[in-house]
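A short worksheet on the structure shown next.
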């Protein structure tokens, strides 16, 4: 098989297939990119794992335009391509190569959240459930028929990194479960294979297609005139990079809890005593209402207060509770989100 993937999300599937004895004749990943604090050229997590495992590696800048690499991949005569968060659309010349097809592990319940950021958009939109699907690939963006899906509930306090870790494990599991089915169906006429595999066309699945567009820097700004729940979803969905300002410095807000009585059962137990101490909407949004040494900063919003439990001030390390308060030298009545320009 050929394995296509780039971020850490794809590594568990590569490991699972390799450890289960499948012959991986090649791994295709994105080229090295500048990343991290030092902004240095770094290999993708999948490339690094492939090198560690001694697997043959390809890193096309744009596979659609690189006929030489396409020809080399074809010469490997892979039976199947497994794709997990590769990051480029595959052209028909690649999709049509393996006799058992190209199969993609997608981190949403298709047709909801087609595109590159389904995990972030599930959280930003307040979805209560999401999941993973294995689908046959077409030239369209995540439009192919679905072989299997698994649903999972999203926790109120679950951030994008935590949800990604859960879904990546499920992706690996579903591929291991699906490979024997795909192999048993064998090559042949597509319509007959789909019937044998009992794939479901996306237009037959309940719900209209939605698209997870690319996120911009402006999407990461916290607007304290929004509701506490909208702010919380932004913090969770864009973890760890949603930000506000503090004395003209960037303050990343990385863990929050909305102090809403209706959410009491879903909040951390130690946070629940804070409920009801401030009247909703009576304070200027963005103002600090309290500095709770063991918990963090209580900040006013358009609706109920929002507790900031973890943050990272520009030039500092991540901090929780009392340490965060000390780093900010925060006092009641000060405001966030004032006088800062991205």
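Backbone N, Cα and C define each Cβ position, glycine as well.
Taken from Swiss-Prot, the feature (6S)-5,6,7,8-tetrahydrofolate binding site covers 108, 109, 110, 111, and the record attributes it to sequence analysis.
Excluding the listed site residues 108, 109, 110, 111, the same chain places 106, 112, 113, 114, 118, 131, 133, 142, 146, 149, 202, 205, 207 with Cβ atoms within 8 Å of the centre of the (6S)-5,6,7,8-tetrahydrofolate site Cβ atoms. Shown in sequence order, 133, 135, 142, 146, 149, 202, 205 are the residues of the chain, 6+ apart in sequence, with a C-beta less than 8 angstroms from the C-beta of residue 110 ((6S)-5,6,7,8-tetrahydrofolate binding site).
Note on residue 111 ((6S)-5,6,7,8-tetrahydrofolate binding site): other Cβ atoms within 10 Å of its Cβ, all shown chains, come to 20.
Over all protein chains present, the Cβ of residue 109 ((6S)-5,6,7,8-tetrahydrofolate binding site) has 23 other Cβ atoms lying within 10 Å.
When Cβ atoms from all protein chains are considered, those within 10 Å of residue 108 ((6S)-5,6,7,8-tetrahydrofolate binding site) total 24, not counting its own. DSSP assigns residue 109 ((6S)-5,6,7,8-tetrahydrofolate binding site) to coil, not to a helix or a strand.
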